[in-house]
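According to Swiss-Prot, the features are:
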type	residues	note
REGION	1-36	region 'Disordered'
REGION	65-136	region 'Disordered'
COMPBIAS	80-93	compositional bias 'Polar residues'
COMPBIAS	105-130	compositional bias 'Polar residues'
REGION	196-235	region 'Interaction with UVRAG'
MOD_RES	484	N6-acetyllysine
MOD_RES	534	N6-acetyllysine
MOD_RES	574	N6-acetyllysine
MOD_RES	634	N6-acetyllysine
């Protein structure tokens, strides 16, 4: 690094860094004995934080190996060897600071090495320094100092050989990531980090699974924040200013992304996620962004902070700047749009696109320095992605968030089958000698200590099975067996959770249970009567007191047929549910018999023409037509000659014949 003196022409160029012959002056600063160069109190070397000067030992060793050797030729002026500095000596910026390394062309390297000449005030030959600066890592605080992080071209006039002292470095190495420059017959590689430092542990994917999901969620949230900020800037700024800022930032975006890819090519693994190639995290910029750079930061948010892809089409993800204020594209209008499985699939699909595009962009940026250009067919990438295997299968193969390939925790599911009795050894072998609850490996000599769960049909360790007892739904539905069996802690929590839930429809699950359990069949008959009479009472304005009686029962017993919970079936077995249903039915029948509104809503049997009013809830003596839902006596009803169905058919034919007669 070279700093240019802009104050006086007679003052020689005072570089930042140098190598001194004085062993006491090892910090690379100008000698305190040199009174011609005043001390700059705002020098960035003194104002920068101390922690920024620390480099890893491998980087220090690399810089020490790359230190050039200084050749001193003559000394006829007042400058002594202690005041003479080499441009690439030991300094806080060279040894202690992790400065971003930048590739320099060969011509630039030669010019930089030849321009480090020292002139005298008597001859008046000042070194002219031409700086081409693309970006500055830190703001300038001192007029004598500058920090340049990109390529520089330094040229100086030829120094006459009449005794002037000059310093010429024998080597100058500047590389970025995997590049190496061969200078002075020696090849120096800047990638001195060992490959073992980036090798993940064997179980890193399993241990960091929650980080994997957390990074996905955080990335999507950061994308939403970026969209909101971009929308706010668009509303406040004018169209011309926004267009000018976007036009200026597009070129900077390409250069910045190229620099970031080169810097991160050695270590593309996120330090906290445990998986490779998913997130490119870059240290934040120190300088305060100006008004014209806000739009640039918004457009570069996908590359500076995290690689985030919008939940849209594949074509939208191929754009270099993925910032968009339209967040409605990521909204999925489906019945189960917020389910965990669907969200995981969507996140995996989007991030898989992101990984593929990251590789494409890396090849594109690498082709800028290559002799031949690399042609990337993005249509082929899209076709390969669409023709890949199912997303669900890829999730199972690449990352099993629920356990491992040999073990998975039990699922929250209702089991309606009774497990056949099997030998303990066979069941444990089927479990791969793992505890079904926590996945703890079990040695063969401790197999006898495992505890069996009657609900799941698997063996658990002592920590996952505390000998809790519960009724098994499959045994109740198949055998009307209410005995309690030992279940695991997981099964106990599951059964307690569904204990009051009406999820068992006996008509579909176990229709033959009514013939096995007589008390259940009697409850079904009363339930059917209450189902019809409750509908009638809801239409009567005088049945408020009677409807309050139904509040003693769960709503599903009087509003749906054949629907029970485990608690209801236990009450049926104990004989507690049938008496309660009979009391409510008795009160309802008394109201219907004495209410004129309810009597007016009854039916008259059209077969026997009896004056007695009949109702659908009288299931013992009445029957309803399945087509017109009319009510008749059971002994009088004939489905093939329903009078109401005949009238409806005749009326329909009459209506169909009227338009044809009018025409």
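Glycine too: its Cβ is placed from the backbone N, Cα and C atoms.
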Least buried by Cβ count (within 10 Å) of the modified residues 534, 634: 634
Three-state secondary structure, which DSSP defines for residue 484 (N6-acetyllysine): strand
Of the modified residues listed as 484, 574, 634, the one whose CA lies nearest the CA of residue 534 (N6-acetyllysine): 634
Between residue 634 (N6-acetyllysine) and residue 484 (N6-acetyllysine): CA-CA distance (Å): 44
C-beta crowding around residue 484 (N6-acetyllysine), within 10 angstroms: 11
Separation of alpha carbons, residue 574 (N6-acetyllysine) and residue 634 (N6-acetyllysine) (Å): 33
